[in-house]
């Protein structure tokens, strides 16, 4: 809902100055408003500059607010003025000659038929719009209020509609704007809460509060929560006037009480104030739905505009008001909006940030402009009216803040029981099952705390706050983190409680009574660390059951399926297997050739040994028994052993062996990687366990020694308080010496003493901080323990997973090795153990016999065709057989040469480049001879030639190529064949070299991967070892630091003598009352003169103390520091400072220097001193002056406390050495 901002202009009442009234100095003679409020405001502002002027003082019962507005101003009694037909008061429009130039021209709504703004009000009360006329200028506004408008009329006409929307769940905002002394604060808050004023003068805020609580009382079925807040913005800083944040209120009286406290706390200087009231409501609608609404009403009292500069209207002096005008200009001017790309500068100032919802936001806004009718304020009035006119063009996107819980019907258990008391507290009547309001409030508080955390972080980074404030902020941040942990644990419990099973309507109640427990058990198990193992085991079980179910269903389907369909499926399969398409054939052949040629030149199984070659020759030359004569010999039967002897079968066997070895090698490689990973992770796990044990020891020691640290901190605090008191005394004496104009040496001495005490105070603060940071260390160690525990769980999970994978790979590797060994020993007879294996073997033999019968039948048919004369002539067949024998002889020679090269390769492990090429030529020539023998055998069998059988199916280009080849002469054909033969050899040679390079690169990659794995494990191991060593050092440091702090506490308590007790001796004559403080402790010049039964301390004559005495005392203390325990404490503090600044390495050195200075100065503070007694003589240059005698108790008080730390220091030294030796 897009609604423009409403503007109401209220003219301040004007009264002619009385002639007999004494004019107020500094104020304008004609400035008077609600009960001389303006004159009073001017006098208040002038009184800041002229405080001694008696004429600036006003009556004590009249006061102004922080903005100079009249809070106690009351309207003067004004005669009843006649009204015109429109209900306008003619008497309020003062002519220009009388000093007023602003007129309000309200437009009555009675003629328009609009309802009255007041319930049952008159016609003149129903003002809908109006004009403000300033001289010749006229400005239209939403509400034009004359000087005679009362507080009640203003409220019901302008503010009451906003409060109605506020009670429905919309945000509302009321902003007062104007120059100084025109009644802005009076409009909002009235004259105050004094009993002398009636309710008729109450402001807008009080009336809104009464209406809100009246509405609450009238709807007793609703639960509610009302919170108020009151802040002040002064020079960009936000100040909480209530010092409580948002305060919960249950009645009108409580709100008024807090409002009165806030008004009394406001600053007298110019500032903005913001009073907010938040209403949270919840009820059940007639449809049974839970309705939840949250609305906020803000009342902003802005400071005076005080425009200045050129052009004449000028700009407000306040930076917040200037930025507010810039925001309004941006919202109303499309060119400016386009220039900033839609980024409205709300965040430039604090005021615009807080008023973001009021101007261009989601609140219904009313701006009340208070103007002056006087001529001298015309420029500022026009400027403010121009701003108000622009504000009316701003549109807010008003929405209802409702939360209906996704239209969830409320259950009978969560219905409110009976009528609830409105004053019972926030959401007190909500049933136990409905905690939505509390959850929403918690979320809102979480947002506020997050914003506060950001502000605190900025303050910490700005370095504009003291150390005490920093400690408070750090403590607040730790408390916030603890609250977040508590909330996270409660959220987890809540999420577990909300996971309930869905109850089916048709199931009985007994069946649904048990599942919640099982669900809760599973939810609880989800928090356990062994969840992954259980889940994996369940997945394996599920997978096995699924496979078994699929197999059973498949078997059942096969048994129940019709045989006709099964036969049709088998015929389809057979047709597909018998007649594959030619493209598939070509792909299969290409795949076979690629597999056969892949790495054949470098695999040892591809070569033929001498024994194998002899065996193959015997098989080739031997004629098998029970076969037909050579004339009718089956050519294919004669080529089968040749094909096997040609190396195809052995090649296939070599390829199969290589294929069998490849997965074994891959598995072995994976196993090596897994072994390395498991060993590395086990070492890391061991390091983490040791580190966790050391951390746990540190935590237990910190908890055990917390009392010692707190005791030391208290001692340091007491010592710091004593030193602060001594510093204050020294400063007083220094000021006294400066006022009395004493000698320069004494002032320098006091200045040196003060500087020394302040230095000691800084050292004590640092020591107190070191003693008090055990809580932070404990929290950090606990967080580190949690992180280490998480790392331990992750490592254990990875180790279990990798161990399981290793077992699987080992099982698979064992199976592969068994299968390979069984294949290599295939010549041996294997006894079948089970009848199933015998049945499978029998089926395989029967299938082989069937296949051989089919081959024999085909070959007999071929023989019959040859005998019938379909094949070539007998002479031609004999010629072809002769050529085949010649080719076999050539092939045998090539095989002998190849075997010779193989033996040389096995013996020497390398060949020359020419021999490698010769080996490839032999392989290729053997393959070519095999192809030629196969071609001639096909000719003998009467098959068509390969070149002519598929000529009709060739493309046109191939046909032309074959025609050209057929026309070539034998010489040309041999030349072409030799050329392509060399090209094939070159290609195979390059392929072999590439394969060798690939193998080498793969080996290098494996080596680099192994190195990388080893190095990464070493780095992780080193990191964990370093962490463990650091924790060990920290433990040693904490032990030593605890002993040092215990000893320091004892020394601090023992050294009870302070600067006040060690009197400081001045350099000139002082009174006897200051004698105890003026004894010079830093200077061993105190003398004792023994008179008749009296001991007196006499100052040296004409002695002028200087900084040398202080330096002498410091040197003496530093010499004694060698025997003090602070020498060891310095080393410990250096470690603490470096550990504390681990995030910023650059600050380590400065921290060490500060710790060193801390130890040296603390040594000075705890060293015991002795007073040196000297005898004064009468031969001095100056005149001796006797001092009054001192009693014995005073002398005892001046004596330093005896040292009690010598024995304790030796004990602690022995303890530290023993602890270091054990660690």
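Residue numbering: from 1, along the chain as shown.
Cβ atoms are placed via backbone N, Cα and C, with glycine included.
Per Swiss-Prot, the feature ATP binding site maps to 178, 179, 180, 181, 182, 183, 184, 185; the stated evidence is sequence analysis. DSSP assigns residue 181 (ATP binding site) to coil in the three-state reduction, outside any helix or strand.
For 658-743 (among others), the entry in Swiss-Prot reads coiled coil.
Annotation comment: Swiss-Prot describes 773-825 (among others) as coiled coil.
The coiled coil annotation in Swiss-Prot covers 982-1015 (among others), and the record cites sequence analysis as its basis.
Sequence annotations record features per position, and here Swiss-Prot assigns compositional bias 'Basic and acidic residues' to 39-62 (among others).
Taken from Swiss-Prot, the feature compositional bias 'Basic and acidic residues' covers 569-593 (among others).
Per Swiss-Prot, compositional bias 'Basic and acidic residues' is recorded for 787-799 (among others). Long-range contacts of the compositional bias 'Basic and acidic residues' (787-799) within its own chain (CB-CB distance under 8 A, at least 6 residues past either end) are made by residues 529, 532, 678, 681-682, 684-685, 688-689, 691-692, 695.
Annotated compositional bias 'Low complexity' per Swiss-Prot: 1162-1178, in sequence order.
Predicted-model confidence for the domain 'Kinesin motor' (4-394) is 75, expressed as mean pLDDT. Per Swiss-Prot, domain 'Kinesin motor' is recorded for 4-394, and the stated evidence type is sequence analysis.
Summarising the annotation, Swiss-Prot assigns region 'Disordered' to 13-90 (among others).
Taken from Swiss-Prot, the feature region 'Disordered' covers 494-528 (among others).
Feature annotation from Swiss-Prot assigns region 'Disordered' to 560-604 (among others).
Positions annotated as region 'Disordered' by Swiss-Prot: 625-646 (among others).
For 774-799 (among others), the entry in Swiss-Prot reads region 'Disordered'.
The region 'Disordered' annotation in Swiss-Prot covers 1162-1188 (among others).
With the fewest other C-beta atoms within 10 Å around its C-beta, 180 stands out among the binding-site residues 180, 184. A sphere of 10 angstroms centred on the C-beta of residue 181 (ATP binding site) encloses 33 other C-beta atoms. Neighbour density at the Cβ, taken as the number of other Cβ atoms within 10 Å, is lowest among the binding-site residues 179, 182, 185 for 179. Sequence-distant contacts (6 or more apart, same chain, Cβ under 8 Å) of residue 178 (ATP binding site) comprise 184, 304, 305, 369, 370, 371, 384. Under DSSP, the residues of the region 'Disordered' (774-799) split into helix, strand and coil as follows: 26 helix, 0 strand, 0 coil.
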